[in-house]
Each structure stands twice: as structure tokens, then as C-alpha cells.
């Protein structure tokens, strides 16, 4: 059964259930869908030719059927032309490509059934066979017409020609051709995509941009639809119905009306007579008295809710007048008549419609309140009446002085008071203009409580007290004094710093004659430097060792001692340093410098490279060694990179390696005895 008839019959139930007055038949709907499918239009967004939902479904199904037949026919033609589906758009995974390949492979199965008479393949290619007689014809076309059997040699010859041609897509009698949307390359075998956008055979209209695809193209809109519109699947702009979607902002008493690209809010109700509608749709009263002009003489307009009324005008007298006895006119009021007049004890003068008060000294008449008011002399004449403070009183003013002054005999100026005559301060007093200042002797400060009592300054407790004395600070009344550790230090001449006692220099050490005295901060150490076997001491034996002294043991081999000669260590050096416990360790401290001249560049050998290393004694990884060049010298710099809190003792074993071509030719060992004091000074 034809696919289009299947579509029409499957929709019969829907037709019976749907009442419509549409005059367009389902055949017309299907024919329109088939036409648009032949034009390769998008079947999911076809222009409607009827308001009927059934017609729209028939359009889409008939359009899809035409597209599917076209896609399947391409696969069947490839199978017939090339007897192979391998070259079908290799690597593509689109739905169209999969359908084309499936129909191609099912056609090959149908052809094989005819040649080798295998079991029917209808169960395997059921969907492809339902596409029409195309797949079934793959077997039928192989049968000879009118009962004449084709020559086996002719069929074999055609198949051999296509196999030898090596066509990429289609082959007919050894001649290659391409699918729709492709063209044959100059080699006559392979196919390349046709760029419809570049060559011009596309259907994109003005405002759409053509985008080339493999074997086809698509049209994309270039300009957005703008506010109030949305882009549909068929690349068209459609008005957004804000009223239907509920995206409008109309108030509850307003009704939303959709317009092209926008919407309007219209009032739901009409206002009664005497009312007008505001911007929010509410009915508000009209004040008719603002616009009414046809009033009779002697009448007044009074606005009411939704209307207005007219009343006869009555006689009203202004301020300072009252109605006469007849009630026909206004006459003056004598405000000064009687003992209780309006001037409240001041002189009163009656005027027509008013009055005026004759005020006493220190008062002024207020024409608005019609009364005598006190004159504030202090505010009217600031700084001109009193030297310090001015206080207004009823009808006059008086002067006063600030603290530290007393009023002069003239009642306006102020004289300074000498407060020091009463000895208010505990130590010293200095009179100043209008006050006094207490001061204290050195080592004392004024109390924050009263500002006159002198209190002892605890210099040791001040924020900088930790820096006043090197070791310990002891407060005394009005002063302080510093002390140093019980041994190893003495107080300097400034009375604050602690100086180390050099026991080695003063001879107060206890080292034997075979030992060397080394002074450290706060003490001394007796050091004994012994050279290892096959090494001898270089230089004289010293009774004391300074920081810069280095005791060296150089290699001295016995005759024919091969192991000694081959030993790469040329020397063992000893030195000692004393370090404080750094109070503020903010950056690495350079403590030891190992200097060596730059190796001489000999013409017959490579110059060795000096490499420094820490072998032992690097407690807590507190030390590091780097190499740098300084004035033609290679310097190994030992740095303290982490703080150490004394007392700490360690022996830092350093190696100075001479490396030539990656091999250590010889090395020098340096033993540095490090003593870290528990104090920072």
C-alpha cells in the first residue's frame, strides 16, 4: 500500500472525532506536503494552508514520506550503480546518511538473494521494503525481461568495469557519477561538495545568510527579530502574545490587549458621571467648582463626591471688624478699650481695623502677633555688649565670665584669675590666661583622673619599655635602671645596653694550653682542633680563636700511600661563629662567607666548577648555602633562613666541590661551629 494512503487512513479516526467546517480536503493537504518535501523544505515548520490540526499533521507526514523516499532512493541507486556502500559519505553520522546506507545495504541483500538464492531478507529489511518497490526491484531488476536469461559474461563484465573504475559514490557501466549536492572531480572518480552559497543556486531570501553543508546548505536569519517578537523554527519572526503568556504588567483593574510587537492596558470599567479615570484605571472625583463659572451673584460653589452644590454668600467681617447691630455692615473694633487691652501693660493706640502698641524700653512691637516682645540684645549685638558671655533677661541683659576669669567693675569686661596662688598642683603650677597648667618633674606624669596630681612613670611598662634596656628594666620613683645577665655581660656606659665580656681577651677563661679559647656572646668555649690521619695543621697554633680565624688541616700523604693520594678531600678547615637569637627575623641573615679565586683557564684542561653543599649539622633546615661572584672571587654564602631560639649549638659541615666534566676532581671540607646565644644582644 502506498505510504500516502497509509497516512490518510491512519488519520481517519482523528477526522471522525474532530468537527470542522474547513473546505480543504486531506488530499489537498497531502499534495501540498509532498510538493514541499520535493523542494527539501523543513517538514516540521510548513506554512499552514488550513486552520485544521488534521490538515497540518497530514502535511507533515506526506512531506516526511517524500523526503524519506528520496533519501532511500539515493541508497538504492548507489547499490545498483556501484554494488558497494563503503564510499557513502564515510565518517558522517547524520540521520539522512544512516537511512541512505541502510537502503543501500538492503538493496545489496536483495540482489544477493537473486544471485545465490538465499532465504528471503524481508524480515531484515522490512522498513526499507516498505519504502516502495525500489528495494524489491533490486532483485526484480536482476531477472531477465520476457524470460530471457542475461549473459553471465555480460553481468560479470559490468561488475568488473565498476570495480576497476574505483568510483567514490556512483558507477554505471564503468562511468563514475555523484550524488545530489556533489560534483565529480577532475580525476573522474572522486566527488567533492558543491558550495551552493558560493555558486548561487540556493533559495535564501534577503535578510538570510546562506551556510554551506555537506551535500546541501541551510538559510539562517541575519537580523534579530527585536523586542516583542521571537524567531520560529522556520526562520521567521513571530509576534509574542504577552497577554496570553502573562508577561504583561497590566494592573488587576486593567485588561491586556495584544498588539504587534507589544501590548496595551485598557480599563475594565467605565466611570459614572462626576468621575474621571486616572492612569491606573481608578475613578476619581471631578472638582466641578474649578471650572464652573455660571454662578449667580452672591452664591458660592461647594464640591461634593461626584457632583457640587451652590449656596448663597453670607457677610463675613475681616480681622479688626465686626457686624453692626443690624448685621448689614462691618465696623471697627476698639482693641484699646477697657483695662485688659491687647498690649498687656504697654501703651495702646487704636487704628481703623487694627491697633498699635507703644512698647517700653527693651521691647519691640510685632506687627504680626500685634504684641510687645522682648528684645534679645545678646543676639542682636553679638560680641559688642559683653567680653565673654551675654545672657538675655526680660527687657534687658547681663554679662558673665568663663572659668578662670571674674567680672570687672564695669560689669562687662573680665579679669584673669591667678589659680596658682591657691597651690592646686602637687608639684609645679604655671598660671596662664584664664586658667593654669600643672606640670611634673622628670620621671613623673600628670594623672588622667584629675590632671593636677603627679604620678610616677613606669618606663619599663611603656610600649617601648622592651627597648629601653637590653636585658631587664627595673622601675624606680621618677626613674629606672637596667641590669644584665649574671655572667658573661657587663652594663655599658649608657646604663642601658649589655656588652659581652670577652673572657678570651681578658684571660678569665679556663681553657688549657692545648685548647683554643673562642669567645661567644655571654660566655666562651674551649675548642680543640685535631687533624685527621694523613692531614697536618697549616699555620701556628693560636691560644684564642676569633670569628674570622680559620684553622686548616691540609693533606699530607705518606710515600706510596695510593689511597691517600686518590682521596679527593684536599683539606679540612675549622672555624667558629657566635650568633644572637634574632628578636625580629624578617629576612635571611648571611653568616659565613667562603671565598675562592676564579679557577685559571688552562689551555690543556677544562676549568672546574665550584659547587657548595651542606653535609651535616643543618638542624631544622635553618641554614642554606648559595654561590655568587663578587669582585672576581667565587663566594659561597651561608645564610640563616629560619629563626633559632638559643641556646643552640651545632657543627655545620660544608663541602666545596671542584667539578670537572660532571666529576668531582677534589673537594675541601669546612667545619663551622655555630653557637646561638639565648639573648638578642
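Using the three backbone atoms N, Cα and C, a Cβ is placed for every residue, glycine included.
Annotated disulfide bond per Swiss-Prot: 29-55, 106-125, 162-171, 167-176, 197-210, 204-219, 250-265, 289-301, 343-357, 420-429, 460-473, 511-526 (among others), in sequence order. Residues or ranges marked as domain 'EGF-like 1' by Swiss-Prot: 158-192. The feature domain 'EGF-like 4' is assigned by Swiss-Prot to 285-331, with sequence analysis given as support. Look at Swiss-Prot and you will find 332-373 tagged as domain 'EGF-like 5'. Per Swiss-Prot, domain 'EGF-like 7' is recorded for 416-455, and the stated evidence type is sequence analysis. Summarising the annotation, Swiss-Prot assigns domain 'EGF-like 8' to 456-499 and lists sequence analysis as the type of evidence. Feature annotation from Swiss-Prot assigns domain 'EGF-like 9' to 500-554. Residues or ranges marked as signal peptide in Swiss-Prot: 1-17.
Here the C-alpha separation of residue 162 (disulfide bond) and residue 343 (disulfide bond) works out to 134 Å. Sequence-distant contacts of the domain 'EGF-like 7' (416-455) (same chain, six or more residues past either end, CB-CB distance under 8 Å): 402-406, 477-479. Following the DSSP three-state reduction, the secondary structure of residue 343 (disulfide bond) is coil. For the disulfide-bonded residues 197, 210, 343, 526, a Cα to Cα distance of within 10 angstroms from residue 204 (disulfide bond) holds for 197, 210. According to DSSP, the domain 'EGF-like 5' (332-373) comprises 0 helix, 18 strand, 24 coil. Of all the disulfide-bonded residues in the record (55, 167, 171, 343), the one with the smallest CA separation from residue 429 (disulfide bond) is 343.
Between the CA atoms of residue 171 (disulfide bond) and residue 106 (disulfide bond) there is a gap of 18 Å, rounded to the nearest whole number. Between the alpha carbons (Cα) of residue 511 (disulfide bond) and residue 250 (disulfide bond) lies a span of roughly 104 Å.
Shown for the domain 'EGF-like 7' (416-455): DSSP residue counts in helix, strand and coil, namely 4 helix, 16 strand, 20 coil. Checking each of the disulfide-bonded residues 106, 210, 420 against residue 473 (disulfide bond) by C-alpha distance, the shortest gap belongs to 420. Sequence-distant contacts (6 or more apart, same chain, Cβ under 8 Å) of residue 343 (disulfide bond) comprise 336, 355, 357, 358, 371, 372.
Cα separation, residue 210 (disulfide bond) to residue 219 (disulfide bond), rounded: 5 Å. Under 8 Å, Cβ to Cβ, and six or more positions away along its own chain, residue 197 (disulfide bond) finds 204, 210, 211, 212, 217.
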